[in-house]
Amino acid sequence: MIRILSALAGLVFAGVVLLAFVMGATTWLTEEPMHSADHEFHLDAHGPEGGYSFDGPVGKWDVAQLQRGLKVYSEVCSACHSLKFVAFRDLEEIGYSEAQVKAFAATKQVPGIDPNTGESVMRPGEPTDYFPSPFPNAVAAAAANNNAIPPDLSLMTKARHHGSNYVYSLLTGYTDPATFEKDGKRLMEEFPDFQTPPGLYFNPYFANLNLAMAPPLGVDGQVTYDDGTEATVSQMSADVAAFLTWTAEPKLVERKQTGFAVLVFLLFATVLAYFAKRQVWSSVKPKKA
Amino acid sequence: MSFPWAKEYTPANGFTKWVDEKLPLPRFVYNAVGAGYPVPRNLNYMWNFGVLAGFCLVLQIVTGVVLAMHYAANAQVAFGTVEHIMRDVNWGWMLRYMHANGASFFFLVLYLHIFRGFFYSSYKAPREMIWLLGVVIFLLAMATAFMGYVLPWGQMSFWGAKVITGLFSAIPFVGEPIQIWLLGGFAPDNAALNRFFSLHFLLPFVILGVVILHVWALHIPGSSNPTGVEVKSESDTVPFHPYYTAKDGFGLGVFLIIYCVVVFFLPNMLGHPDNYIEANPLSTPAHIVPEWYFYPFYAILRAFTFDFILEAKLWGVLAMFSSILLWFLLPWLDRSPVRSGHYRPLFRTFFIILLVDMAVLFYCGGAPAEEPYVMISQIATAYYFLHFLVILPIVSSIEKPKPLPYSITEAVLGSDKKAVLGENTQPAT
């Protein structure tokens, strides 16, 4: 009985889903396949030439690069993007001294309360403060940016596929749609109607190819590095991508180093466990003929 | 229960004797996972996954309890407290990555444990109750994992919660009120997050309780084994300790190495980047996907795209729940008296097809809901139901199994002298 009922239930489910298949297949065969510019002309993110210092299982931060990245963020990105999960005190992890952090924090204005009147005021930052948002709230951010709220950057490299490479590719990837080609195919030939809407900017690394952010790093030397590194667009993009990798995962190097110690211990323990197991079983294992 | 030759616990000194008289807990452990539990001597490495699943459960409870000390289930701050754990809590990043990836590895182990059960027909008499409890554990684990994924309150958390609780709205007439009641609102918000956290903390302990029943039920007939031939004599078994504690110890080591490679070097490989974006009810992610361990069932859910008498969505929901609930019927669907797939050539062929089918469903569940993935998942879904509900019962009645060994001893050593001499062959009681 149970088998008959089950078989019936099985046939019903299979029948209904196969019916759905027939319907779906008919539509699929009779309708034009989906053909869209963002599907066919989107580019996969790539990193800077030579990769990042923190790539791979033994990769480490390049502290000088992180400091350069902080400078790019401070002078360019921070005009629109917040960094709300990062505190000034965290900067001690990228090679700044306590005094330098204190001085850096003091250059930023953060929201506070006047101790005498209780009124909201802006005051100089302390090391315990977090990076302030450039806008008081989301409405102000949207109003100032053509309705596109600039996302917080703290976790950006973990919140996108190919994180660090994506940031680098996006920053260096702005191009002219009129001349853009992928795999030998020209965008304007395949999609003559393609148009970047006014107020948006063409970037093949962005999911739908049109991005609300104007090219932020336009010219070489836009930021003057303290360590004398030449500030090409590619260099600045790589540096800020590295800095944002640090803001997203400040424990990255610690994590990998801990991992090695753990794996060495586990390998040793597992080898011991293997020989212990062989020893225990040797008396009952059949002899190999 | 036990076999007559099971070793008996003898207290070593006055203190353990005193404890044994008042509360025989050491005796209990000795009989459960010590030398007092005789186990078939021929278990292969597929029998490691029960112990590993238990280890994963404990790992999840321990890391989870500590994480709960630093987490706040409030929609305003939940995302921020997770970042607080990642940045400011001592070893918080490690605990969180261990817990998040621990869930994935728990499911990996559970799936291998379940597939072991499929192939060796571990669900057959006299072990039906172990199997039924196991399916209950799996369902509870799915609920726990789903609610846990909501807690970081990222985009996938929010939209996953919305999609899954939205399934209840497919129930005719009462669906929508049920969904609102479950969520405590029209969409996931603080009320939903709080109850999910409460249940996410509770359910692992419920799982632990069912695991105890699962192991209790196991100790009545004793473990199954790769030949599927029941234990006949003492030479068929070895004591659990030290033989299987040693073997499980090695298995645990291998498991931990793979787990730690992921935790320390690829901690976000199994997650979705969108969950590092704070939940935003106004912005829908391009592709809403569950965690990888739900992909096959998600593919079944989405395979039903045609309103046939009932709404397509309701078909999908019914099929998705049925696809797991039908496992409860397996002991009665598969009537073959032979347990092990090694001696069932036809069954074995279909088992391999099932594995391929589930791999296809897995792939389609993670793919976007567009052609050709939907069509492929429809074929695979049809096979899934036909396999368990139609093919398996037919195979079990028409198949001609290969000859079985006389005993486990014969399977291991090539001959069983006791069988020839007729000594000590009384069946287990």
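Cβ atoms are placed via backbone N, Cα and C, with glycine included.
Among the features that TrEMBL reports, domain 'Cytochrome b/b6 N-terminal region profile' is placed at B:15-227.
What TrEMBL lists as transmembrane segment is B:49-73 (among others). Through the fold, the transmembrane segment (B:49-73) approaches residues 81-82, 84-85, 89, 92, 95-96, 98-99, 102-103, 105-106, 109-110, 112-113, 116, 148, 151, 193-194, 196-198, 200-201, 204-205, 207-208, 211, 248, 251-252, 255 of its own chain, all at least 6 residues removed from its boundaries and within a Cβ separation under 8 Å.
Here TrEMBL flags B:93-118 (among others) as transmembrane segment.
For B:130-151 (among others), the entry in TrEMBL reads transmembrane segment.
The feature transmembrane segment is assigned by TrEMBL to B:163-184 (among others). Through the fold, the transmembrane segment (B:163-184) approaches residues 146, 191-192, 195, 288, 290, 301, 311, 313-314, 316-317, 320 of its own chain, all at least 6 residues removed from its boundaries and within a Cβ separation under 8 Å.
The transmembrane segment annotation in TrEMBL covers B:196-217 (among others). A Cβ distance under 8 Å defines the sequence-distant neighbours of the transmembrane segment (B:196-217), meaning residues of its chain 6+ beyond its ends; these are 32, 54, 57, 60-61, 64, 68, 71, 73, 127, 129-130, 133-134, 136-137, 140-141, 143-144, 147-148, 150-151, 161.
Annotated domain 'Cytochrome b/b6 C-terminal region profile' per TrEMBL: B:230-406, in sequence order.
Per TrEMBL, the feature transmembrane segment maps to B:250-271 (among others).
Within the same chain, residues 114, 123-125, 128, 131-132, 135, 138-139, 142, 167, 170-171, 297-298, 300-304, 308, 381, 384-385, 388-389, 392-393, 396 sit at least 6 positions outside the transmembrane segment (B:315-333) and bring their C-beta atoms closer than 8 Å to a C-beta of that stretch. The transmembrane segment annotation in TrEMBL covers B:315-333 (among others).
Listed as Cβ neighbours of the transmembrane segment (B:345-363) (distance under 8 Å, sequence separation of 6 or more from its ends, same chain) are residues 115, 118-119, 292, 295-296, 299-300, 336, 373, 376-377, 380-381, 383-384, 387, 391-392, 395-396, 398-399, 401-402. The transmembrane segment annotation in TrEMBL covers B:345-363 (among others).
Look at TrEMBL and you will find B:375-395 (among others) tagged as transmembrane segment. Only residues 6 or more beyond the boundaries of the transmembrane segment (B:375-395), in the same chain, are considered here, and those with a CB under 8 A from a CB of the stretch are 299-300, 302-305, 319, 322-323, 326-327, 329-330, 333-336, 344, 346-347, 350, 353-354, 357-358, 360-361, 364-365.
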| field | Close approaches to the transmembrane segment (B:250-271) from elsewhere in its chain (Cβ under 8 angstroms; 6 or more beyond its ends) | value | 45, 48, 51-52, 55, 94, 97-98, 100-102, 104-105, 109, 291-292
